[in-house]
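For reference, the structure is listed below as structure tokens.
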Amino acid sequence: MKKNIGLIGWRGMVGSVLVERMICENDFFHFNPIFFSTSQKNSKGPTINGEYFGVLKDAYDLDILKELDILISCQGSDYTNKVYFKLRDIGWNGYWIDAASVLRMNQDTVIILDPVNSNTIRESIDSGFKTFVGGNCTVSLMLMSLGGLFSEKLIEWITVSTYQAASGSGAKYIEELLMQMGSMYTEASGYLGNPAHSILNIEKKVRNLSCSDKFPKKNFKVPLAGSLIPWIDKKMRNGQSREEWKIQAETNKILSSNKDILIDGLCVRIGALRCHSQSFVIKLKKDISIPEIEQILLNHNSWTKVIPNRKHDTMTELTPAAVTGTLNTPVGRLRKLNIGQKYLSAFTVGDQLLWGASEPLRRMLKFLI
């Protein structure tokens, strides 16, 4: 018998990508979907593969929610906080799959990334776990690209610098980034290509605009286009941002590490739209050759591609422009550092909305249906 599965937040950015992937993989043929809304209950629901799925249900109606076998939420932490615990309190024993961060570190929650921790997921289902949550986007993308080194237990510690896309903050942030880009172009467009105007004068006009009150920065609070923001999320007591804290904490939970792998670094927002990039310095436990490392990385999963450490390959295949909209999680710039043969550099790229958010949720369903 097909399971009844509720989808909440399916029209948002992550939810839309999730539904798109589910259609692409013919997932909707394998269960009965019920679509919910937090703001437009009783509105017309979607038609998928020629089948109309009825009006939207109220996402806050516990009586409807509690009748379902599985709930998938891409609605965010506020919704999870309002609904999840109430559902559990009234005895709902179904599976909760969530993209939000609020439940990740709870003891009764499993962080899901099946190419990395499928055994943990299966064991948790057998043990009665009911809550499965996607990981932080940078963590999931790092583990996809560097998974072979983790699975072979070759890593002693990692330092990382992230280059995170606007999509990690949400849809309105992507829109604001594009508005900033458009505003800068409008300011400069009348002068570009005109030899009578020096590029320094044009740059000054754009710079003055970006520092003015006219510049669109309601969400970011500061310019991102033509700039960057070296801080993401709240401040922790030790001086880390919460985004930086998540990397070590979530990685070791996903890996079920007996001894924590030490990971730290700086998380930076840049003007990419939906692809996160990361630069790593990795201390290996032993000296192994670059060809061996490349083979270990390639063997881990079918989405990881090793990009040769050459300028043309790197510029054409190891960028957000090359990776956006794909499930590829390439890794490149692999070389030993001058400080020692156990020290490895690496650079990775991955789509924040796919492996960084929606794809682990979609694949989790395979374990449950």
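Each position is counted from 1, following the chain as shown.
Note: Cβ is positioned from N, Cα and C throughout, glycine not excepted.
Record features, source Swiss-Prot:
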ACT_SITE  CYS137  active site, acyl-thioester intermediate
ACT_SITE  HIS276  active site, proton acceptor
BINDING   ARG11, GLY12, MET13, VAL14, THR38, SER39, GLN75, SER167, GLY168, PRO195, GLN352  NADP(+) binding site
BINDING   ARG104, LYS246  phosphate binding site
BINDING   GLN164, GLU243, ARG269  substrate binding site
* Asked: Taking just the CA atoms, what is the gap between ARG269 (substrate binding site) and LYS246 (phosphate binding site) in Å?
  -> 16
* To do: Please determine which of the recorded positions listed here (ARG11, ARG104, LYS246, ARG269, HIS276) has the lowest count of neighbouring CB atoms within 10 Å.
  => ARG11
* To do: Measuring C-alpha to C-alpha, could you say which of the recorded positions ARG104, CYS137, GLU243, HIS276 are within 10 Å of GLY168 (NADP(+) binding site)?
  => CYS137, HIS276
* the residue listed as 'active site, proton acceptor' versus ARG11 (NADP(+) binding site) - Cα distance in angstrom -> 22
* Structure fact -> Counting other CB atoms within 10 Å of each candidate's CB, the least crowded of the binding-site residues THR38, GLN75, GLN352 is THR38
* Asked: Looking at the recorded positions MET13, THR38, HIS276, GLN352, which ones sit with their CA no more than 10 Å from the CA of CYS137 (active site, acyl-thioester intermediate)?
  -> HIS276, GLN352
* To do: Using C-alpha atoms only, work out the spacing between THR38 (NADP(+) binding site) and LYS246 (phosphate binding site) and round it to an integer in Å.
  => 28
